[in-house]
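Notes follow the structure.
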Amino acid sequence: MNSYLRKLVEGQHLTEEEMYEAGLLLLSDNILESEVAAFLVLLKAKGETAEEIYGLVRALREKALPFSNHIKGAMDNCGTGGDGAQTFNISTTSAFVLAGAGVKVAKHGNRAVSSKTGSADLLEELGVNISCTPGEIDYLLENVGIAFLFAPAMHPALRRIMKIRKELNVPTIFNLIGPLTNPVNLETQFVGIYKRDMLLPVAEVLQKLGRKQALVVNGSGFLDEASLQGENHVVVLKDNEIVEMSIDPEKYGFSRVKNEEIRGGNSKENAKITLGVLSGEKSVYRDTVLLNAGLALFANGRAETIEEGITLATHSIDSGKALAKLNLLIAASHEKLERVN
C-alpha cells in the first residue's frame, strides 16, 4: 500500500490494475485503518480517473456475494449521494414508479452516510425487510419486479471501510462507486452523481461493465438526481456510444423549483413524502420523481423518448401500480422466500 500512497501524494494516477490491487488490499484485514483513511482522502484530493474507478469496482464486485442468475432486463437507479442537499429519497421513491411501469429494479443502497435518511432507512420505515439473501433477491426480482440489495450485506468485506467512511464524514470514491458495485448483472442503469466532472468517467465505467444502455446525470445545483431547479447535465450510453446532453425541466412541462423545496428529513418524514407521491398527491416531490423516473425509463429503453418516459411514470403512479409494487414488496420480503442458490 505504501507505494500507492506515495504515488497519490505526488499527484500521480494509478493504473486500473494498480487500483484493483489496492482495492483488494483495502478490503483485506492486512491494512491499518489510518492507511485506508489516508488512501481515500489522497485519492479524493487528486481526483479519480475512470481507470481508478473501474479498478476498484472490479475488486469490490469480485468480493461481493455471488448471484447465480441473470435477471433479464434488470436495472438499478441508485445515486451516489454526497451532494449535501438533504433531499428526500428521490431515487428510492422513483424505483417503485419504475417497477410499476414494468421494469425489474435491483435497487442497491445503504443507510445514511452523508444525509439524514438513506434508502435502507426509508425502506425499513415503510416496512420492507432489507435483510434478504441473494437467492431471495432473485426471487423478488422475478416475482415482484423489485428488490432491495442492502450494500453492507452484499459486500461484507466493506464493513470496516464503512466505519472509516462514517468517521471521515466527507464524500470519497465510495460515494462515486456505490451505484457501480451492484452485484446483479444489470442490463441498464440510471446513475445520479454529485460531481459534474465525473459524468464522462462514470459513463465510461458503465460501458466497461457491459451496460446495454445507461444515463448518468448531475442535476442543477450539483444534485445527484435530476433537478427541477434548472439545467441538468446528462451523459447517455446507447449502442456503445457516449453522448452528452442537457435537460431543461421546463421543456417537459415542469415548473422550476429550487432544490431547497425538496428537502427531506428523518426516515418518518421521508416515508410520508414517499407514500404521498406513490398515492398520487400533487406536489413538487411528485414532479421531481416524474422527471427522474421518466429519465430512467428512457435509459432503460422502456421509453423511446424522455417525454414518453415521463408519461409512463405518470401512469405508473396514477394507476396505483407504483404503490402496489411497494405493498407487494413489503409483504413478499417478510415471507419465507424460495432460495435460489
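Cβ coordinates come from backbone N, Cα and C, glycine included.
Here GLY79 (anthranilate 1 binding site) comes close to ILE90, SER91, PRO179, VAL191, GLY192, ILE193, ASP224, GLU225: these same-chain residues lie at least six apart in sequence, with C-beta atoms under 8 angstroms from its C-beta. Per Swiss-Prot, anthranilate 1 binding site is recorded for GLY79, ASN110.
Taking the Cβ of THR87 (5-phospho-alpha-D-ribose 1-diphosphate binding site) as centre and 10 Å as the limit, one finds 27 other Cβ atoms among all the protein chains shown. Taken from Swiss-Prot, the feature 5-phospho-alpha-D-ribose 1-diphosphate binding site covers GLY79, 82-83, THR87, 89-92, 107-115, SER119.
The number of other Cβ atoms within 10 Å of the Cβ belonging to SER91 (5-phospho-alpha-D-ribose 1-diphosphate binding site), over all protein chains shown, comes to 26. SER91 (5-phospho-alpha-D-ribose 1-diphosphate binding site) falls within a helical segment according to DSSP. Residues or ranges marked as Mg(2+) 1 binding site in Swiss-Prot: SER91, GLU225.
Within 10 Å of the Cβ of ARG165 (anthranilate 2 binding site) there are 21 other Cβ atoms, across all protein chains. Per Swiss-Prot, the feature anthranilate 2 binding site maps to ARG165.
Under the heading Mg(2+) 2 binding site, Swiss-Prot lists ASP224, GLU225, citing sequence analysis as support. According to DSSP, GLU225 (Mg(2+) 1 binding site) sits in a coil region rather than a helix or strand.
Comparing THR87 (5-phospho-alpha-D-ribose 1-diphosphate binding site) with ARG165 (anthranilate 2 binding site), their Cα atoms are 21 Å apart once rounded.
Look at the binding-site residues HIS108, ARG111 and count other Cβ atoms within 10 Å of each Cβ; ARG111 has the fewest. Ranking the binding-site residues ASP224, GLU225 by the number of CB atoms within 10 A of their own CB puts GLU225 at the top. Residue density at ASN110 (anthranilate 1 binding site): 24 other Cβ atoms are found within 10 A of its Cβ, drawing on all protein chains shown. Looking at ARG165 (anthranilate 2 binding site) and ARG111 (5-phospho-alpha-D-ribose 1-diphosphate binding site), their Cα atoms lie 12 Å from each other.
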